[in-house]
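The NAD(+) binding site feature in TrEMBL is assigned to 74-79, 108-112, 132-133, Lys145, Lys154. Residues or ranges marked as Zn(2+) binding site in TrEMBL: Glu187, His250, His266. Feature annotation from TrEMBL assigns domain '3-dehydroquinate synthase N-terminal' to 71-181. Positions annotated as domain '3-dehydroquinate synthase C-terminal' by TrEMBL: 184-326.
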Amino acid sequence: MTDYLTLETEGDHGPVLVGRGLITKLDEILPELLGDKVEQLLIVHQPTLGAISEDVRALLAPKYRRVLMAEVPDAESAKRVQVAEFLWQIMGQSDFTRSDAILAIGGGAVTDLAGWTAASWLRGVKVVHVPTTVLAMVDASIGGKTGVNTNEGKNLVGAFYPPAGVVVDLDSLAALPRNELVTGFTEALKVGFIHDHEILDLIEADPQKATDPNSEEFRRILEIAIRYKLQVTSDDLTEQGGREMLNYGHTLGHAIEHSERYQWRHGAAVAVGMRFVAELARLSGRLTDEEADRHTRILELLGLPTQYPAGRWPTLLSTMKRDKKARGAMLRFVVLDAIGKPAIMQAPDESLLFAAYQEIAS
Ligand SMILES: NC(=O)c1ccc[n+]([C@@H]2O[C@H](COP(=O)([O-])OP(=O)(O)OC[C@H]3O[C@@H](n4cnc5c(N)ncnc54)[C@H](O)[C@@H]3O)[C@@H](O)[C@H]2O)c1
Ligand SMILES: O=C(O)C(=O)C[C@@H](O)[C@H](O)[C@H](O)COP(=O)(O)O
Ligand SMILES: [Zn+2]
(Lines of atoms letter the chains of each structure in order from A and count residues from 1; the text may use other names and numbers.)
(Lines give C-alpha, C1' and ligand atoms only; values in the text may rest on other atoms or scores of the structure.)
(Ligands and ions follow the chains in the order given, each with its own letter.)
Protein backbone atom coordinates (compact mmCIF):
# COMPACT_ATOMS: atom_id res chain seq x y z
CA MET A 1 0.00 0.00 0.00
CA THR A 2 1.16 3.59 -0.73
CA ASP A 3 2.85 5.34 2.19
CA TYR A 4 0.33 7.34 4.22
CA LEU A 5 -0.42 8.72 7.64
CA THR A 6 -3.51 7.61 9.57
CA LEU A 7 -4.92 9.93 12.21
CA GLU A 8 -7.19 8.09 14.62
CA THR A 9 -9.56 9.60 17.15
CA GLU A 10 -11.85 8.45 19.92
CA GLY A 11 -15.60 8.68 19.39
CA ASP A 12 -17.71 8.22 16.28
CA HIS A 13 -15.37 9.97 13.86
CA GLY A 14 -13.56 7.60 11.51
CA PRO A 15 -9.84 7.80 10.79
CA VAL A 16 -8.31 10.44 8.52
CA LEU A 17 -5.81 9.06 6.01
CA VAL A 18 -3.33 11.53 4.51
CA GLY A 19 -1.02 10.55 1.67
CA ARG A 20 -0.52 10.28 -2.06
CA GLY A 21 -2.11 7.90 -4.53
CA LEU A 22 -4.86 7.01 -2.07
CA ILE A 23 -7.72 7.45 -4.54
CA THR A 24 -6.32 4.64 -6.66
CA LYS A 25 -6.35 2.42 -3.54
CA LEU A 26 -9.95 3.09 -2.54
CA ASP A 27 -10.87 -0.51 -3.36
CA GLU A 28 -8.64 -1.53 -0.41
CA ILE A 29 -9.26 1.47 1.84
CA LEU A 30 -13.04 1.79 1.63
CA PRO A 31 -13.97 -1.70 2.86
CA GLU A 32 -11.70 -1.08 5.86
CA LEU A 33 -13.50 2.19 6.66
CA LEU A 34 -17.04 0.99 5.96
CA GLY A 35 -16.89 -2.64 7.05
CA ASP A 36 -18.08 -5.55 4.95
CA LYS A 37 -21.87 -5.04 5.25
CA VAL A 38 -22.19 -2.29 2.63
CA GLU A 39 -23.95 -3.43 -0.53
CA GLN A 40 -24.65 -0.20 -2.42
CA LEU A 41 -22.53 2.89 -2.66
CA LEU A 42 -23.62 6.32 -3.89
CA ILE A 43 -20.75 8.45 -5.20
CA VAL A 44 -21.63 12.15 -4.98
CA HIS A 45 -19.26 14.39 -6.93
CA GLN A 46 -18.83 17.84 -8.48
CA PRO A 47 -18.83 18.24 -12.29
CA THR A 48 -15.04 18.90 -12.26
CA LEU A 49 -14.45 15.53 -10.56
CA GLY A 50 -16.42 13.56 -13.16
CA ALA A 51 -13.46 11.69 -14.67
CA ILE A 52 -11.86 10.82 -11.31
CA SER A 53 -15.23 9.70 -9.95
CA GLU A 54 -15.81 7.47 -12.97
CA ASP A 55 -12.40 5.82 -12.36
CA VAL A 56 -13.36 5.33 -8.72
CA ARG A 57 -16.67 3.79 -9.75
CA ALA A 58 -14.88 1.31 -12.01
CA LEU A 59 -12.41 0.49 -9.22
CA LEU A 60 -15.16 -0.12 -6.69
CA ALA A 61 -17.67 -1.90 -8.92
CA PRO A 62 -16.25 -5.41 -8.19
CA LYS A 63 -16.49 -4.74 -4.43
CA TYR A 64 -20.15 -3.69 -4.16
CA ARG A 65 -23.46 -4.99 -5.52
CA ARG A 66 -24.16 -1.58 -7.04
CA VAL A 67 -22.22 1.69 -7.31
CA LEU A 68 -24.47 4.65 -8.12
CA MET A 69 -23.21 8.02 -9.35
CA ALA A 70 -24.69 11.47 -8.72
CA GLU A 71 -23.19 14.61 -10.21
CA VAL A 72 -24.32 17.71 -8.31
CA PRO A 73 -24.11 21.39 -9.33
CA ASP A 74 -20.74 23.04 -8.85
CA ALA A 75 -19.61 24.94 -5.80
CA GLU A 76 -22.14 26.64 -3.51
CA SER A 77 -25.10 25.87 -5.77
CA ALA A 78 -24.82 22.26 -4.52
CA LYS A 79 -25.63 23.35 -0.99
CA ARG A 80 -29.40 23.61 -1.45
CA VAL A 81 -32.17 21.47 -0.09
CA GLN A 82 -33.33 20.81 -3.67
CA VAL A 83 -30.02 19.09 -4.41
CA ALA A 84 -30.34 16.94 -1.29
CA GLU A 85 -33.84 16.09 -2.50
CA PHE A 86 -32.34 14.93 -5.84
CA LEU A 87 -30.01 12.61 -3.89
CA TRP A 88 -32.86 11.35 -1.66
CA GLN A 89 -34.74 10.51 -4.85
CA ILE A 90 -31.84 8.45 -6.23
CA MET A 91 -31.51 6.61 -2.93
CA GLY A 92 -35.25 6.04 -2.65
CA GLN A 93 -35.47 4.65 -6.17
CA SER A 94 -32.50 2.32 -5.46
CA ASP A 95 -33.91 0.96 -2.17
CA PHE A 96 -30.91 2.41 -0.39
CA THR A 97 -30.89 0.95 3.15
CA ARG A 98 -28.95 1.59 6.34
CA SER A 99 -26.36 -0.94 5.23
CA ASP A 100 -25.53 1.23 2.19
CA ALA A 101 -23.17 4.21 2.16
CA ILE A 102 -22.27 7.52 0.48
CA LEU A 103 -18.85 8.45 -0.88
CA ALA A 104 -18.35 12.20 -1.36
CA ILE A 105 -15.68 13.32 -3.84
CA GLY A 106 -14.96 17.04 -4.15
CA GLY A 107 -14.61 20.29 -2.26
CA GLY A 108 -16.32 21.47 0.89
CA ALA A 109 -19.59 22.18 -0.88
CA VAL A 110 -19.91 18.49 -1.73
CA THR A 111 -18.76 17.13 1.63
CA ASP A 112 -21.23 19.48 3.39
CA LEU A 113 -24.09 18.40 1.12
CA ALA A 114 -23.27 14.68 1.05
CA GLY A 115 -22.66 14.65 4.81
CA TRP A 116 -26.07 16.11 5.48
CA THR A 117 -27.73 13.80 2.96
CA ALA A 118 -26.12 10.85 4.77
CA ALA A 119 -27.26 12.22 8.14
CA SER A 120 -30.84 12.66 6.97
CA TRP A 121 -31.41 9.54 4.83
CA LEU A 122 -33.10 6.91 7.04
CA ARG A 123 -31.80 9.07 9.92
CA GLY A 124 -28.25 8.08 9.12
CA VAL A 125 -26.21 6.06 6.64
CA LYS A 126 -22.41 5.95 6.64
CA VAL A 127 -20.43 8.53 4.68
CA VAL A 128 -16.77 8.66 3.66
CA HIS A 129 -15.26 11.89 2.33
CA VAL A 130 -12.59 12.20 -0.34
CA PRO A 131 -11.80 15.95 -0.17
CA THR A 132 -10.17 17.38 -3.30
CA THR A 133 -9.62 21.03 -2.30
CA VAL A 134 -7.24 22.35 0.34
CA LEU A 135 -10.19 23.77 2.21
CA ALA A 136 -12.03 20.46 2.32
CA MET A 137 -8.84 18.59 3.31
CA VAL A 138 -7.99 20.74 6.32
CA ASP A 139 -11.48 21.68 7.40
CA ALA A 140 -14.79 20.78 5.72
CA SER A 141 -14.37 17.00 5.46
CA ILE A 142 -13.33 16.65 9.10
CA GLY A 143 -15.42 17.03 12.21
CA GLY A 144 -18.92 16.27 11.00
CA LYS A 145 -20.42 19.73 10.43
CA THR A 146 -22.75 19.16 7.50
CA GLY A 147 -25.48 21.24 5.92
CA VAL A 148 -26.99 23.44 3.27
CA ASN A 149 -27.79 27.14 2.89
CA THR A 150 -31.22 28.78 2.80
CA ASN A 151 -32.25 32.08 1.22
CA GLU A 152 -31.74 33.75 4.57
CA GLY A 153 -28.18 32.63 5.18
CA LYS A 154 -25.26 30.27 5.14
CA ASN A 155 -25.39 26.73 6.61
CA LEU A 156 -28.69 27.43 8.37
CA VAL A 157 -29.90 23.81 8.00
CA GLY A 158 -27.70 20.87 8.90
CA ALA A 159 -26.54 18.30 11.40
CA PHE A 160 -23.45 17.20 13.28
CA TYR A 161 -22.67 13.91 11.63
CA PRO A 162 -19.12 12.51 11.74
CA PRO A 163 -17.86 10.60 8.70
CA ALA A 164 -16.82 6.94 8.84
CA GLY A 165 -13.52 8.06 7.36
CA VAL A 166 -11.72 10.75 5.37
CA VAL A 167 -9.25 10.02 2.58
CA VAL A 168 -6.95 12.96 1.86
CA ASP A 169 -5.08 12.27 -1.37
CA LEU A 170 -2.61 15.11 -2.02
CA ASP A 171 -2.30 14.02 -5.66
CA SER A 172 -5.88 15.20 -6.21
CA LEU A 173 -4.71 18.82 -5.82
CA ALA A 174 -2.68 18.69 -9.06
CA ALA A 175 -5.41 20.31 -11.17
CA LEU A 176 -6.83 22.62 -8.51
CA PRO A 177 -6.78 26.22 -9.81
CA ARG A 178 -4.41 28.51 -7.92
CA ASN A 179 -7.23 30.77 -6.73
CA GLU A 180 -9.03 27.79 -5.17
CA LEU A 181 -5.84 26.62 -3.54
CA VAL A 182 -5.02 30.00 -2.01
CA THR A 183 -8.52 30.89 -0.87
CA GLY A 184 -8.96 27.41 0.63
CA PHE A 185 -5.64 27.80 2.39
CA THR A 186 -7.32 30.50 4.53
CA GLU A 187 -8.73 27.78 6.80
CA ALA A 188 -5.19 26.51 7.49
CA LEU A 189 -4.07 30.10 8.09
CA LYS A 190 -6.97 30.39 10.56
CA VAL A 191 -5.43 27.52 12.55
CA GLY A 192 -2.16 29.47 12.55
CA PHE A 193 -3.91 32.40 14.24
CA ILE A 194 -6.03 30.49 16.75
CA HIS A 195 -3.72 27.61 17.60
CA ASP A 196 -0.19 27.24 16.24
CA HIS A 197 2.02 30.08 15.03
CA GLU A 198 4.27 27.58 13.23
CA ILE A 199 1.82 27.90 10.33
CA LEU A 200 2.25 31.68 10.32
CA ASP A 201 6.04 31.38 10.56
CA LEU A 202 6.15 29.00 7.59
CA ILE A 203 4.01 31.34 5.46
CA GLU A 204 6.07 34.39 6.39
CA ALA A 205 9.32 32.55 5.64
CA ASP A 206 8.23 31.54 2.14
CA PRO A 207 4.61 32.03 1.01
CA GLN A 208 5.24 30.25 -2.30
CA LYS A 209 6.59 27.10 -0.67
CA ALA A 210 3.94 27.18 2.04
CA THR A 211 1.24 27.02 -0.62
CA ASP A 212 2.95 24.55 -2.96
CA PRO A 213 1.23 21.14 -2.60
CA ASN A 214 4.54 19.44 -3.47
CA SER A 215 6.55 21.09 -0.70
CA GLU A 216 7.37 19.74 2.77
CA GLU A 217 6.16 23.03 4.25
CA PHE A 218 2.70 22.61 2.71
CA ARG A 219 2.42 19.06 4.00
CA ARG A 220 3.48 20.17 7.48
CA ILE A 221 0.85 22.95 7.50
CA LEU A 222 -1.82 20.51 6.34
CA GLU A 223 -0.92 18.05 9.04
CA ILE A 224 -1.01 20.64 11.84
CA ALA A 225 -4.39 21.92 10.65
CA ILE A 226 -5.92 18.46 10.21
CA ARG A 227 -4.72 17.19 13.60
CA TYR A 228 -6.08 20.30 15.30
CA LYS A 229 -9.48 20.10 13.61
CA LEU A 230 -9.78 16.42 14.48
CA GLN A 231 -8.82 17.05 18.09
CA VAL A 232 -11.14 20.03 18.65
CA THR A 233 -14.15 18.40 16.99
CA SER A 234 -13.64 15.09 18.77
CA ASP A 235 -13.62 16.93 22.09
CA ASP A 236 -16.68 19.05 21.25
CA LEU A 237 -18.61 17.63 18.30
CA THR A 238 -21.76 19.70 18.85
CA GLU A 239 -20.08 23.06 19.46
CA GLN A 240 -20.88 23.55 23.11
CA GLY A 241 -17.53 25.25 23.76
CA GLY A 242 -14.09 24.84 22.20
CA ARG A 243 -15.37 24.15 18.70
CA GLU A 244 -16.70 27.71 18.42
CA MET A 245 -13.09 28.87 18.03
CA LEU A 246 -13.01 27.28 14.56
CA ASN A 247 -15.44 30.02 13.59
CA TYR A 248 -12.67 32.65 13.73
CA GLY A 249 -13.39 35.17 10.96
CA HIS A 250 -16.64 33.47 10.00
CA THR A 251 -19.25 35.80 11.50
CA LEU A 252 -18.48 38.58 9.04
CA GLY A 253 -17.19 36.04 6.48
CA HIS A 254 -20.55 34.29 6.17
CA ALA A 255 -22.36 37.64 5.94
CA ILE A 256 -20.05 38.64 3.06
CA GLU A 257 -20.70 35.34 1.26
CA HIS A 258 -24.44 35.92 1.62
CA SER A 259 -24.17 39.52 0.49
CA GLU A 260 -22.14 38.42 -2.57
CA ARG A 261 -24.76 35.74 -3.38
CA TYR A 262 -22.02 33.13 -2.93
CA GLN A 263 -19.93 34.45 -5.82
CA TRP A 264 -17.03 35.01 -3.41
CA ARG A 265 -15.04 31.95 -2.32
CA HIS A 266 -15.67 30.97 1.30
CA GLY A 267 -11.97 31.34 2.12
CA ALA A 268 -11.79 34.83 0.61
CA ALA A 269 -14.75 35.98 2.72
CA VAL A 270 -13.22 34.44 5.86
CA ALA A 271 -9.94 36.25 5.08
CA VAL A 272 -11.73 39.61 5.30
CA GLY A 273 -13.60 38.32 8.36
CA MET A 274 -10.34 37.49 10.14
CA ARG A 275 -8.94 40.93 9.48
CA PHE A 276 -12.17 42.43 10.85
CA VAL A 277 -11.97 40.50 14.15
CA ALA A 278 -8.26 41.31 14.42
CA GLU A 279 -9.19 45.01 14.24
CA LEU A 280 -12.01 44.43 16.74
CA ALA A 281 -9.53 42.82 19.14
CA ARG A 282 -7.01 45.61 18.60
CA LEU A 283 -9.58 48.35 19.23
CA SER A 284 -10.72 46.64 22.41
CA GLY A 285 -7.17 46.29 23.74
CA ARG A 286 -6.89 42.51 23.34
CA LEU A 287 -4.35 42.42 20.51
CA THR A 288 -1.29 44.60 20.05
CA ASP A 289 -0.90 46.67 16.89
CA GLU A 290 1.82 44.24 15.78
CA GLU A 291 -0.44 41.18 16.21
CA ALA A 292 -3.32 42.82 14.34
CA ASP A 293 -1.01 44.05 11.58
CA ARG A 294 0.39 40.53 11.27
CA HIS A 295 -3.06 39.46 10.05
CA THR A 296 -3.07 42.03 7.25
CA ARG A 297 0.53 41.34 6.30
CA ILE A 298 0.07 37.57 5.98
CA LEU A 299 -3.23 37.89 4.11
CA GLU A 300 -1.51 40.24 1.66
CA LEU A 301 1.48 37.90 1.31
CA LEU A 302 -0.96 35.23 0.19
CA GLY A 303 -2.84 37.58 -2.11
CA LEU A 304 -6.04 37.26 -0.09
CA PRO A 305 -8.55 40.12 0.22
CA THR A 306 -8.42 42.36 3.30
CA GLN A 307 -11.10 44.96 2.52
CA TYR A 308 -14.81 45.25 1.82
CA PRO A 309 -16.94 48.19 0.60
CA ALA A 310 -17.82 50.76 3.26
CA GLY A 311 -21.49 51.06 2.27
CA ARG A 312 -22.29 47.40 2.95
CA TRP A 313 -22.12 47.62 6.74
CA PRO A 314 -25.88 47.87 7.55
CA THR A 315 -26.66 44.76 5.46
CA LEU A 316 -23.76 42.81 6.90
CA LEU A 317 -24.77 43.70 10.44
CA SER A 318 -28.31 42.49 9.95
CA THR A 319 -27.14 39.22 8.33
CA MET A 320 -24.69 38.60 11.18
CA LYS A 321 -27.65 38.53 13.58
CA ARG A 322 -28.51 35.10 12.11
CA ASP A 323 -25.03 33.75 12.92
CA LYS A 324 -25.19 30.50 14.91
CA LYS A 325 -23.07 31.92 17.69
CA ALA A 326 -25.64 34.68 18.35
CA ARG A 327 -27.83 34.24 21.43
CA GLY A 328 -31.09 36.16 21.06
CA ALA A 329 -30.15 39.70 20.06
CA MET A 330 -26.61 39.25 21.38
CA LEU A 331 -23.86 38.95 18.76
CA ARG A 332 -20.82 36.89 19.70
CA PHE A 333 -17.44 36.95 17.93
CA VAL A 334 -14.37 34.75 18.14
CA VAL A 335 -11.46 37.11 18.81
CA LEU A 336 -7.87 36.66 19.93
CA ASP A 337 -6.31 37.67 23.24
CA ALA A 338 -2.97 36.81 21.61
CA ILE A 339 -1.88 34.65 18.67
CA GLY A 340 -2.95 31.11 19.65
CA LYS A 341 -5.35 32.34 22.38
CA PRO A 342 -8.90 32.57 21.02
CA ALA A 343 -11.79 33.79 23.17
CA ILE A 344 -15.42 34.82 22.76
CA MET A 345 -16.35 38.50 22.72
CA GLN A 346 -19.99 38.84 23.79
CA ALA A 347 -22.33 41.61 22.69
CA PRO A 348 -19.77 44.21 21.62
CA ASP A 349 -21.12 47.71 21.30
CA GLU A 350 -22.34 48.48 17.78
CA SER A 351 -20.11 51.55 17.71
CA LEU A 352 -17.06 49.33 18.35
CA LEU A 353 -18.14 46.97 15.56
CA PHE A 354 -18.59 49.90 13.22
CA ALA A 355 -15.17 51.29 14.15
CA ALA A 356 -13.55 47.92 13.38
CA TYR A 357 -15.38 47.82 10.06
CA GLN A 358 -14.14 51.31 9.22
CA GLU A 359 -10.59 49.92 9.50
CA ILE A 360 -11.24 47.38 6.76
CA ALA A 361 -13.65 49.40 4.61
CA SER A 362 -12.60 50.22 1.06
N1 LIG B 1 -18.27 21.58 7.29
C2 LIG B 1 -17.24 22.32 7.61
O3 LIG B 1 -16.66 22.18 8.70
C4 LIG B 1 -16.74 23.34 6.65
C5 LIG B 1 -15.51 23.94 6.87
C6 LIG B 1 -15.06 24.89 5.96
C7 LIG B 1 -15.82 25.21 4.84
N8 LIG B 1 -17.01 24.58 4.65
C9 LIG B 1 -17.80 24.86 3.44
O10 LIG B 1 -17.06 24.42 2.31
C11 LIG B 1 -17.49 25.15 1.17
C12 LIG B 1 -16.30 25.63 0.37
O13 LIG B 1 -15.53 24.52 0.00
P14 LIG B 1 -14.41 24.63 -1.13
O15 LIG B 1 -13.64 25.86 -0.96
O16 LIG B 1 -13.74 23.32 -1.15
O17 LIG B 1 -15.27 24.91 -2.42
P18 LIG B 1 -16.08 24.02 -3.46
O19 LIG B 1 -16.48 22.72 -2.92
O20 LIG B 1 -17.12 24.92 -3.97
O21 LIG B 1 -14.98 23.73 -4.59
C22 LIG B 1 -14.36 24.83 -5.20
C23 LIG B 1 -14.20 24.64 -6.70
O24 LIG B 1 -13.11 23.76 -6.92
C25 LIG B 1 -13.49 22.76 -7.86
N26 LIG B 1 -12.68 21.59 -7.52
C27 LIG B 1 -12.79 20.79 -6.44
N28 LIG B 1 -11.78 19.92 -6.39
C29 LIG B 1 -11.03 20.14 -7.48
C30 LIG B 1 -9.83 19.56 -7.98
N31 LIG B 1 -9.19 18.61 -7.31
N32 LIG B 1 -9.32 20.02 -9.14
C33 LIG B 1 -9.94 21.04 -9.81
N34 LIG B 1 -11.07 21.64 -9.38
C35 LIG B 1 -11.61 21.20 -8.22
C36 LIG B 1 -14.96 22.60 -7.66
O37 LIG B 1 -15.57 22.05 -8.80
C38 LIG B 1 -15.39 24.04 -7.39
O39 LIG B 1 -15.60 24.73 -8.59
C40 LIG B 1 -18.32 26.29 1.68
O41 LIG B 1 -19.67 26.01 1.44
C42 LIG B 1 -18.04 26.31 3.17
O43 LIG B 1 -19.13 26.81 3.89
C44 LIG B 1 -17.47 23.66 5.52
O1 LIG C 1 -16.03 23.03 11.99
C2 LIG C 1 -16.40 24.09 12.52
O3 LIG C 1 -16.95 24.11 13.61
C4 LIG C 1 -16.19 25.36 11.83
O5 LIG C 1 -16.71 26.39 12.26
C6 LIG C 1 -15.36 25.36 10.58
C7 LIG C 1 -15.66 26.48 9.62
O8 LIG C 1 -14.47 26.69 8.87
C9 LIG C 1 -16.75 26.13 8.60
O10 LIG C 1 -16.82 27.12 7.61
C11 LIG C 1 -18.12 25.81 9.14
O12 LIG C 1 -18.93 25.29 8.12
C13 LIG C 1 -18.83 27.01 9.70
O14 LIG C 1 -19.98 26.56 10.29
P15 LIG C 1 -21.16 27.43 10.87
O16 LIG C 1 -21.64 26.64 12.01
O17 LIG C 1 -20.61 28.77 11.27
O18 LIG C 1 -22.16 27.53 9.80
ZN1 LIG D 1 -14.88 27.94 7.15
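One-based numbering along the chain as shown.
Each residue, glycine too, has its Cβ placed from N, Cα and C.
Overlay of TrEMBL annotations on the structure.
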{"residue": "Glu76", "record": "NAD(+) binding site", "DSSP class": "helix"}
{"residue": "Gly108", "record": "NAD(+) binding site", "DSSP class": "helix"}
{"residue": "Thr133", "record": "NAD(+) binding site", "DSSP class": "coil"}
{"residue": "Lys154", "record": "NAD(+) binding site", "DSSP class": "strand"}
{"residue": "Glu187", "record": "Zn(2+) binding site", "DSSP class": "helix"}
{"residue": "His250", "record": "Zn(2+) binding site", "DSSP class": "helix"}
{"residue": "His266", "record": "Zn(2+) binding site", "DSSP class": "helix"}
Quiz item: Can you give the mean pLDDT for the domain '3-dehydroquinate synthase C-terminal' (184-326), rounded to a whole number?
Solution: 97
Quiz item: Per 10 Å Cβ neighbour count, which of the binding-site residues Asp74, Glu76, Glu187 ranks highest?
Solution: Glu187
Quiz prompt | Annotated binding-site residues Glu76, Ala78, Gly108, Val110, Asp112, Thr133, filtered by Cβ under 6 Å to ligand 2 | solution = none
Self-check item: Asp112 (NAD(+) binding site) to His250 (Zn(2+) binding site) - Cα separation in whole Å
Solution: 16
Exercise. With Ala78 (NAD(+) binding site) as the reference Cα, tell me which of the binding-site residues Glu187, His250, His266 is the closest one.
Key: His266
Quiz item: How many helix, strand and coil residues does the domain '3-dehydroquinate synthase N-terminal' (71-181) contain under DSSP?
Solution: 48 helix, 32 strand, 31 coil
Exercise. Find, for the listed binding-site residues Ala78, Val110, the residue with the lowest Cβ contact count at a 10 Å cut-off, counting only other Cβ atoms.
Key: Ala78
Quiz prompt | Cα separation, Lys154 (NAD(+) binding site) to Glu187 (Zn(2+) binding site) (Å, whole number) | solution = 17
